[in-house]
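Peer 1: Dumping the structure here so I can ask a few things about it.
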Amino acid sequence: MRLGSGTFAACCVVVEVLGVVLFLRGFFPAPVRSSSSSKHQAEPPAPEPSAGASSNWTKLPPPLFSKVVIVLIDALRDDFVFGSKGVKFMPYTTYLVEKGASHSFVAEAKPPTVTMPRIKALMTGSVPGFIDVVMNLNSPALLEDNVITQAKAAGKRIISYGDETWVKLFPKHFVEYDGTTSFFVSDYTEVDENVTRHLDKVLKRGDWDVLILHYLGLDHIGHVSGPSSPLIGRKLSEMDGVLMKIHTALLSEERETLLPSLLVLCGDHGMSETGGHGASSTEEVSTPLLLVSSAFERKPGDIRHPKHVQQTDLAATLAIGLGLPIPKNSVGHLLFPAIEGKPMREQLRFLHLNTVQLTKLLQENVPSYEKEPGFEQFKISERLHGNWIRLYLEENNSEVLFNLGTKVRRQYLDALKTLSLSLSRQVAQYDVYSMVVGTVVVLEVLTLLLLSIPQALSSKAELEVPLLSPVFSLLFYLTFLVLSAVHVIVCTSTESSCYLCSLSWLTAGGVMVLVSALLCAVVSALTKVLVRGKLLSKNAAHSNSRWSELDLLILLGTLGHVLSLGASSFIEEEHQTWYFLVSTLCLALCHDIYRNYLPGDDCEPQRCLHVEGGFDGATPALQDKNTSSAVLELNRGCKSPSSLGTLRGYEKWMVLASPWVILTCCRLLRSLNQTGVQWAHRPDLGHWLTSSDHKAALSVLAALSLAVIFALIQRRCSPASKVAMALGLLGVYCYRAAIGNVLFPWQQDNKDISKGILEARFVYVFVLGILFTGTKDLLKSQVVAAGFTVKTVGLWELYSGFVLLAALLLRPHNLPVLVLSLLIQTLMAKFVWKPLRHDVAKVTVMHYWFGQAFFYFQGNSNNIATVDISAGFVGLDTYVEIPAIFLTAFATYAGPVLWASHLVSFLSSEASSSSALSHAGFCYALIGSFPVSAYIILVTSLRYHLFIWSVFSPKLLYEGMHLLITAAVCVFFTAMDQTNTKS
């Protein structure tokens, strides 16, 4: 079966996406879990230890608090409460921390620092899987044992107001609730007012036991404006007033109850210096935890500094406080200050219950648990505890009893800390079988692409895939039988859960068929390469072609980038790698231009250069005439003599100056957004522009950027699209003015701030209009005589629509990124690629490199915190999942998408070869697949690395998304190539 290069590449990348998905399913496994029933059946609590004497305490201790109020402020950073901002904007909370009846802690949140996994950690005490960062968009019901489910089973009445994630995680658990969406980040007032408006009534009522208030406004301000916004102080003051109202009401009610109440102030995660969250920086993982109760009265002079604890410790503390069993999967330990005012026997009973729970979890997840230090400490603690009980029952008060009790308590605390640390490190059990199968699929695809290079880049741009040959069929059936046997053996012998084994036999058989077919295709391609090896070597021996500096740079740069992904520091600062590569590429192009302009030894130019005229397709120099296969190499020949004098004045100087102009643009862009980890905190031009003191400068820059965008885009648009582009860009400025980012000339200050929904939708109309016009032209090109001209205009209009959408979604200070991207594309197209007659492969690689560099020029990094989710709600008045995901993804990957769409437009209009798009699709698939395949191998070997979840795992998700974009680009290349074939 014969396939075009582009079609073959698109199919390969789609299959590779399936392999990556399977690998991710195995790599992001289920966290440590108890093997007990998930239905939370009540188990009798462990009895109190005894040594020779019988203890009558076999039930759970009674609750310590009559009511519990949990105030969770989304993205509340520890320094917002314990730092200077807390002193300035939260005076009542500061009083409680410094002088009130409270205990304060800095609770560390494990990555991913997004809301849903953090709520899980707070209520279950377990460490959620990293893949929960994806599930955060649509939280499923929580089936794991947790404090909320235990409280409901015990007859506690629970009320929840705020983030609807609670309602999704705990359906039918609340006697009353009012959920608000957590993703509509443009709203930071109503989303909190909808919570506070219930307070006056519910605090006067006595028909509840647990009240949960989840405030989202602070998080939304951070996403839109960052932690330095003046809105942060106002929101903190608002939250301080809420805390004072709740605390006052609880104190007045305690006079009528026997037990005190507990007020918990906490954050689910912190906030990075750019306002995002999701990664593992100190600002994102450090959250305040404040326990306020009249039971925590402090003596004069008692100074309590915030202690560092784990966020998972809250679940055990809440369970003990409410008189509930500790969740089975909790890896946290009881916060001892919450019980230190109780009698010694109660303290030891609480600590014993927590230690027994952790020991059971250790036994179920660690085969050699008896050798664990925490287990040995537990046994010693339990034996000493039994001795203390015997002594306690014999004589109630003595110094010996007190000293022994203090020793037992200290032993329990050490055992709890050791057990908790050991279980936290045992965070996951990898599904190795799924990982192996996914890796095999990915490597088979990459190998197939590499072996297919000679055929795919030949002049015919076609490949022969021997799917129906007898040899292929025999090898396929043998491979399929072997893989099926392995599958049966693995699924019947493994004790841990395995995703592939949970699939139906039909689905699992489909995976085996795919692996077998790919293996046979690889063997067939390898055979062809070996058979033709002698012919290729003979041809190469008679050729005087050699690799240029640009060829070596592309090869070594690609390999160097892939190898750099094995180091955590290089992943954190990957933007530096791409900045170096594109800068070096500019210098190599400069050298290439000057070498070809300056005369050689024979006083003639070493190569002909043309500014006007067609662009050469992929016409490799090393080609076997008998086999029609090709080696990827530049065409060194000149069709006609040329010299420097044949170029007009400005064109000559523009060709000579273009690499330096591009290099200067890249240097300016590096100063706009600091990204990565090491230097992300340093001030940059973007921070200067977004500060409220420089709004006028940002307004001027945004207006000029939009004007330049129009000037660079309109030159090849149809008249109707030019008008739509002009009005659309005007609408972009109006939208930014409406939401308060920029000013109109007649405005002194934008006091009337809105959500800009009408203005954004106005722009969307023109975006859709331009895209519709481009699509219409592409369809029209199939039936009219002048199809080529109509098609090139249609592709440019599609590209223009993407540019307009990017201008709307990117923040105003990032509009210069879009401007310089368009400028570099214009310079490269007219004064680099066309004069130097680079082949399709090189042009494709350069587009890919610049696309990756502009991903980081936007301010992105391999940190989840840098994803600007506010872009997903431009023009939306409520949360709609699919549009929000699409807009967020487009805004994040605007750089790679725009450079890929420009590549299609450029090759369609300039390439002289009909197979140029097919060659480009293959090259794009190859260079996009190579880093993903290599990174999967690297991350598998490093899966027990210290930074696997904080550094390597987020990068793995980014690589998966890059591969998805590569697949979409290759499919688009294939579609455009098919239109070329038909026309």
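Numbers here mean position along the shown chain, with the first residue as 1.
Quick reminder: no glycine exception, Cβ is built from N, Cα and C everywhere.
Heads up, TrEMBL stuff is auto-annotated, nobody curated it.
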Peer 1: Quick test of your reading of TrEMBL: among 35-55, 266-286, where does it put region 'Disordered'?
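Peer 2: From TrEMBL, the annotated region 'Disordered' range turns out to be 35-55.
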Peer 1: Let me spell it out: take the transmembrane segment (725-744), skip the flanking residues so only those 6+ beyond its ends count, and list any with a Cβ under 8 Å from a Cβ in it.
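Peer 2: Residues 186, 695-696, 698-699, 702-703, 706-707, 709-710, 713-714, 717, 750, 753-756, 758-760, 762-763, 766-767, 770, 800, 804, 807-808, 811-812, 874 contact the transmembrane segment (725-744) from elsewhere in the chain.
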Peer 1: Under a criterion of three or more Cβ pairs within a distance under 8 Å and sequence separation of at least 6, are the transmembrane segment (432-453) and the transmembrane segment (921-944) in contact?
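Peer 2: Between the transmembrane segment (432-453) and the transmembrane segment (921-944), contact is present.
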Peer 1: Summarise the model confidence on the domain 'GPI ethanolamine phosphate transferase 2 C-terminal' (652-966) as a single mean pLDDT, whole number.
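Peer 2: Summing pLDDT over the domain 'GPI ethanolamine phosphate transferase 2 C-terminal' (652-966) and dividing by its length gives 88.
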